[in-house]
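Here is what TrEMBL records for this protein:
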- 658-680: compositional bias 'Acidic residues' (COMPBIAS)
- 1281-1294: compositional bias 'Basic and acidic residues' (COMPBIAS)
- 1346-1356: compositional bias 'Basic and acidic residues' (COMPBIAS)
- 1-98: domain 'C2' (DOMAIN)
- 233-354: domain 'C2' (DOMAIN)
- 393-528: domain 'C2' (DOMAIN)
- 944-1069: domain 'C2' (DOMAIN)
- 1116-1242: domain 'C2' (DOMAIN)
- 1448-1566: domain 'C2' (DOMAIN)
- 1687-1838: domain 'C2' (DOMAIN)
- 648-689: region 'Disordered' (REGION)
- 1281-1308: region 'Disordered' (REGION)
- 1346-1371: region 'Disordered' (REGION)
- 1935-1957: transmembrane segment (TRANSMEM)
Amino acid sequence: MALMVHLKTVAHLRGKGDRIAKVTFRGLSFYSRVAENCEDVARFNEVFRWPIASRLDGNEMLEIQVYNYSKVFSNRLVGTFCMVLQKVAEEGHLELTDTLIDDNNTSIKTSVTIEIRYQSMDGTVGVWSDGEFLDVPDDRDGMFAFETDSLLSLSFLRPSVFISSTRAGKGVFSAMKLGKVKSSKDDYKRGDEPAVLDMEDLDRKAMRLAGALDPDTISLASVTAVTTNVSNKRSKPDIKMEPSSGRPVDYQINITVIEARQLIGLNMDPVVCVEIGDDKKYTSMKESTNCPYYNEYFVFDFHVPPDVMFDKIIKLSVIHSKNLLRSGTLVGTFKMDVGTVYAQPEHQFYHKWATLTDPEDITAGCKGYVKCDIAVVGKGDNIKTPHKANETDEDDIEGNLLLPEGIPVERQWARFYVKIYRAEGLPKMNTSIMANVKKAFIGENRDLVDPYVQVQFAGQKGKTSVQKSSYEPIWNEQVVFTELFPPLCKRMKVQIRDSDKVNDVAIGTHFVDLRKISNEGDKGFLPTLGPAWANMYGSTRQYTLMDEHQDLNDGLGEGVSFRARLLLSIAVEILDTTSPELMSSTEVQVEGVSNISESATGKIDEFFLFGSFLEATMIDRKIGDKAIRFEITIGNYGNQIDGVSKPLSAKKKKKDGENEEEESDLIQNSSEDEADEDGDLVSVSSTPPMKPVITDRNYFHLPYFEKKPCVYIKSWWQDQRRRLYNSNMMDKIADKLEEGLNDVQEVIKTEKAFPERRLRGVLEELSVGCSRFVTLANKDVNQAGRTKLDRERLKSCMREMDSMGQQAKQIRTQVKKNTIRDKLKLVQNFLQRLRFLADEPQHSIPDVFIWMMSNNKRIAYARIPSKDILYSIVDEETGKDCGKVKAVFLKLPGKKGFGPAGWTVQAKLELYLWLGLNKQRKDFLSGLPNGFEEIKSAKMGPCLHSVPPVSLVYNMKQVFQLRAHMYQARSLFAADSSGLSDPFARVFFSTHSQVTEVLSETLCPTWDQLLVFDDVELFGEASELRDDPPIIVVEIFDQDTVGKAEFIGRAFAKPTIKMCDEHYGPPRFPPQLEYYQIYRGNCTAGELLAAFELLQVGQGGIADLPSLEGPTDSERGPILPVPLGIRPVLSRYRIEVLFWGLRDLKRINLAQVDRPRVDIECAGRGVQSVLIQNYKKNPNFSILVKWFEVDLPENELLHPPLNIRVVDCRAFGRYILVGSHAVTSLRRFIYSTPDKTSNNWATAAKLMNGYMVLTNGGFQPRSSPSDIIVNMDAEPSVRKMDTVVKLDAESDKEKKKKKKKKKGGVEEEDETNERVLDWWSKYFASIETLKEVYIKHDDLLLKGSKTKEKSKEKKSSKDKKKGHAADGSEKRTVKARVDELMVYDKELDSEFGNFEDWLHTFNLYRGKAGDDDERTLDDDRIVGRFKGSLCMYKLPLSEEITRETGFDPSMGMFQSIPRNDPINVLVRVYVVRATDLHPADINGKADPYVVIKLGKSEIKDKENYISKQLNPVFGKSFDIEARFPMESMLTVSVYDWDLVGTDDLIGETKIDLENRFYSKYRATCGISSNYSVHGYNVWRDPMKPSQILAKLCKDGKIDGPHYGPGGKVKVANRIFQGPTEIEDENGLKKQTEEHLALTVLNHWEEIPRVGWKLVPEHVETRPLLNPDKPGIEQGRIEMWVDMFPMDMPAPGPAIDISPRKPKRYELRVIIWNTDEVILEDDDYFTGEKSSDIFVRGWLKGQQEDKQDTDVHYHSLTGEGNFNWRFVFPFDYLMAEEKIVISKKESMFSWDETEYKIPPRLTLQVWDADHFSADDFLGAIELDLNRFPRGAKTAKQCSLDMIRNEQELPTISIFKQKRVKGWWPFVARDENDEMELTGKVEAELHLVTAEEAEKCPVGLGRNEPDPLEKPNRPDTSLMWFLGPLKSIRYFIWHNYRWLILKVLGVILLLLMLGLFLYSIPGYLVKKMLGV
């Protein structure tokens, strides 16, 4: 195959110069030679040829670009010529001359003359030129079998090389492109020689060397790409019948509020409120603290549709001092929608800090942080919680913020402006009766709707004004939200509502997804939208008082009718919070905006929609008796019953006026086709009514025969096709990609060869598609009404598509056989990305609805997106269903479609639709099958011949015969109460239907029946039919003796088509049997194995078709079996069955099962077990192994299921079915012979998935001359404390040094002292290790994805952490020497394959299967369990296995399995703790206790319930004696204790002990990592390691163990090394072999042939489930089980794991002095600043025990002297670093509740006031485990001790015991800055309770050990106690000079006064001389 383009001339060029042309096809370009110095004509006269390996698609493009060539500068484009090769593909030859177009898409004078030839592969046009192709020998499977040498000796001179494989008859199978052509500048200078292939992909060396290598290692094979479908995946259309959205689902949201930090405010009493939607829950209140610790767990349960759930807002708010009377003041809030949490990995945030902001004050910044866990659990999600250990409270807040990946840490405030302009086409929302009454009285006519718009975003609502009585309201208002950006809420909800006096109802809802209208990349853009019209859909438009589909108007579920359209726009502006004129509140504002011009949303254009109904079948029989018509609507156009609500304003704009009036005429005159005055055509929107005729018992069809009714509608919309075109292009690329990926997966699934080649082909198509998109979308030039979003979206789509194309090319080169799965995942991400990009957020043309109407009522509908049927001149831009005949299934509207009603098909239409501009209308019939005449409407008269037809009459028809080969079905739905069904299948095709026979009592029927449909008439183009054959519907029913058959499920298929001129032969015929998925609603209900072929009947009639053999089965009468070429090839298999026993059989019809038997059946053959004589006494079988032989298909994928049935044999020979189980896939039981050379048993004899049967099987491993030494590194002994390892002397010295270094010379006791260590030390050490593994794992994951910023942050936090190194390293040393166990964060069973290594458990089902809605889970149908196994192998089996020594032929393949006699076992259950229990009491807590059931024994630990705890530590072990097999199911439940009434079950977990007991993983008692005979790590198993090892070696028949000198042991051919000494409790060392034996056991999986991983010592975490809430975890329990057979020596006593008792401590805090305390009070007399200081202190969580010093009055300098002692007794858990407090929650509490909180000491400084409340001055909180060392002097004490807490070295009071120093008091000022408000000199002294008793001390300054009185200045007295003293001090002290001066002046004044007073007298006396 090749495409040749002969480029002749380019004419009408301007100017003179050198010209060059570039010709591009399928992304591969060639340049012509340079035509030099040509004037207006350039004669190239060159031929370019592209060898192509896949058929030329009619919509591919050829592009020719003409350039002015320049040697120096870049070439300048003259113009481009593009053509679609449709004509070429059809005719093979074309000559033409056409003009070029320039950059702006306008045509220019220059023209090009070309000739194109196309040779197709089937030789219809030309012959091959030699050497162009490699002919690949035909292979039955169409796979490649080329010979490398001939391939590689090819001369690589062709522009591109292809390898093609000719599959006979099918034409092409594959295309492989081997190289890219590099067009470098020199290429043009070479004149005429062809462009040389650039050898990128093929490195030549590989070419030369590739002799005998695997084809995939030759680089040629590694670039082979296949672009046509390999599997027949296309024959399985994926059609979902039942609506999935809108149905309520169970959700549980778990939120743990751990603590808050850095809350802003003084001395607050904070409460955290958790709010989801309307549910609110509060934590308890913590008093006077800015960093409260809560650790409270809240659970919210919801039962709502997913959309509603994910739009709910989770709001965390911190409220200050809330109590019964006052609501408290809000400190800050944090908002996020549930969808964001659900989108996280594992659907959760774990231990993250939420940033609080104040919505009232956006300028303020962060108000604090709340640390929480948030998890959203849907049904069936299981949440992996990172292990909850003792968290160290040191946390890097900035690095762990509660934000999704990729959102910046500092979010800014932004305004979201939602502008609402106007709406159109609103429906009536009121009855017209009232309106008529009003009209009669008042004489005015009103529109019957009062609309307003409500916008909801991030938990806030905004409303526009109400426009009274208007179908076309105009608002011109904007709703403004203020929210942090980027917001953590994804969707904005815009709703038009009708204002009503009683209650407002929604008219329509539109959701705006912010992710789709913004782009967060570097070149991204802020959210922006419109102005654009948003179409709203919802319920049908008739107004009824109670609208049953009201939910649809609220946006739940798929709208079934157009409701209105709304013109809106959205913009976002980031706020500058520093600007002064900013409004600081986040209240929603509504403001007016100016009107918008008409053209802003695009130019109005006239659109034309045409539809033709070719077939209407499968009409539900309920509506089959009345005449039926179909109506098509687009917007309100075409809607005849309830479409137009005619606005009364006469001043209508012309564009609406026309059509609205025209429509209303239509309705009033109701004559269907009338011509308008202007000779224009009137829409015909519905087909004429017609009575259906019967097809079969369930369905009817309409008898259209050759006359097909048509409809057409004209409508007017803004011309925004460009948006839809871009969407369509991306959708098509995505569809092609999806089809390719499905194909690759099918190839992998069916294990065909070379899936990697197909994937390369897929990637190639993707990269070509992407580059094609970039070229086509580029011509999107300034259309009217382009919005900012259009421009930005186009840019970002082009960028994305471009990069996707590049990546696809790159991945293509990396696809190899071994990387295919990873690459497949990557490519699936592309698919999601494409689908996301293709979804256009700005609507333009509304969707098209097709309604089936009966009796003028709307019955069922289909909704077709308008873009799918939109026409474009360019093929890629056309909608995928435009101008094509499509099968459309109609469904019931809204909630009616839920459940069984939605399973039935309402109608199936074969429908042709075309939508385009009216002016492009000429092509609207072009896609219809040929052979019709148009019938115009009679009324039209002869005037217009362009009028569309009202019906088409087909006179040419094609007759076909359909053959449905119905082979079998499997895993069907159980429809009868027996748990089985009586299935038959009904096949529908066109208007025909046929039925298979009924097979009774089976879920896996093998019908083996051929159904032949003769005389099927199809209308269609041969090629169209072949590419997209009509759909076959297969419905499977359960036959009931009475009543009608019950629906089981439905499958869809497409047949393989053979036209009469094609040959019936490979590779397409005869067709292969394939599995089709059967759906029942949205759930799968089994698979159908069938093949369908559709054969055209030619002139010769049926005789020409391939013959059908007559019925070979005399018994089956006229039933035809599936013919030989199609039915699978069979071969002989033997199936061996291991019958072990039956368990937990329930009563059947109230009678107990007493004598059960198991029947096994497969493909008509089977075997029965022996009867169990007395089920109660011994439910095991006496004969273990039986076998039967059966013929099964060679292809394992086609193996029929194997049925297991249990029957109960009653008296008089009656049998009753107890239950059944179908093993759908036998693959895992296929036995493959052991590989002789294999060294490792795990790869030797194995069933397909690694389960083994031949345990002692096979052969001696080849004895290699050298033994393999397993070098046991001393790792376990160094890292963990081993009682044996001699710590080398050096480390001892170091330890001593360390101890000496300790301050105060007190040598502290060594924590790792054997006496101190207990089981919990081991547990916590293990959890630490587990966390480290998690962290490492997370780091690896993060490395790739985190941005550089983040890593910087991480670094800084790491540097901060270095401060703790001192403390940390000490801890490490402790940890490094503790033995550890495995803590599994899941069930042990899932870690070890359910312990089904040889014994499998099959659940037996009975009773009718439930559907999702009825919520009956399959668990309720389980009536018991069958234990056993299967092994199947092809006969004959090789001799060697049976010749093995000790081979017991009666056991077949199941050698050396244990006996199944009853056995007594001691079961010891250890329950460690439970976490995250679901609250059971009103107070949000529970009082849990444990109940253990095994058989008839039950242990209730009710008296030891734990009060008000959701994370209780039980620490208990329980011993139960059991007798296997009767009692083997252990149930561990957690109940909630209630004082009154019965206790409620919180959750339970079930463990099958029998499988564990018999498993080769040895799950009876975990193997610990080290052996010791005493202490906390004592060996638990009654058998020592050496005994266990000897037994394992004996059972496995392997050589060993041989203990050698020097600590070595040899087992099989492996040598292990290990220590050989052990220390007993007296410290004496003895020689022992136990360590060596234990080393071997810990590495047992490495032993060849019999190695298995043995279960280690462990704790498993099991989910607790509650039958009332299926599928949702109610908490988890940590536990483990040990089992000891009673016939062995008894085990030692149980390990003590009782919870650690907290240790009693006393903290003595002496407050010596304060300094620089800020002065608060002003003196009455003097106005001087002073403070009356006192210090208050308490230990966190014990606020009620707070203690105060006495008051130091009148400190003038901020100095205070106290010498006051606080004494705080407390209980402390060392391992968890928590204080334990037990107190009653309230006065009504029955008992005390235990709380665990971190040890934090709070000291506060206050100013005492007598008549008003004391003033808080400052505080400091010291975490007793890590707090900064106090400063030596007051001067050195500064704010930095708090600020740089992370960097400073910290100390722990538990290590130091006694600390003295100065610490700063801090508070926050108005600007939330920290300020220093004082300093305190304190001494902290920690003593244990015993020490405290020995040397007691008094509180304050009391006895014993009193402190001396502080030396306070005299000023510190109270003024009213010693007024004189006060005067002396305060007044005299400060003002004595002033007083003396005043006294002096007074004396002077007195003297002066006396002088003046007496002077006149004296003067008179003197003068008169008296």
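Each residue's number is its place along the chain shown, starting with 1.
Keep in mind that glycine also has a Cβ here, set from the backbone N, Cα and C atoms.
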Range from 1-98, 233-354, 944-1069, 1448-1566 with most C-beta pairs under 8 A to the domain 'C2' (1116-1242): 944-1069
Secondary structure content, the domain 'C2' (393-528) (per DSSP, counts of residues): 14 helix, 57 strand, 65 coil
Helix, strand and coil totals (DSSP H, G, I; E, B; other) for the domain 'C2' (1116-1242): 11 helix, 58 strand, 58 coil
DSSP-derived helix, strand and coil totals, residue by residue, for the domain 'C2' (1-98): 6 helix, 60 strand, 32 coil
DSSP helix/strand/coil residue counts for the domain 'C2' (1448-1566): 12 helix, 53 strand, 54 coil
Secondary structure content, the domain 'C2' (944-1069) (per DSSP, counts of residues): 6 helix, 59 strand, 61 coil
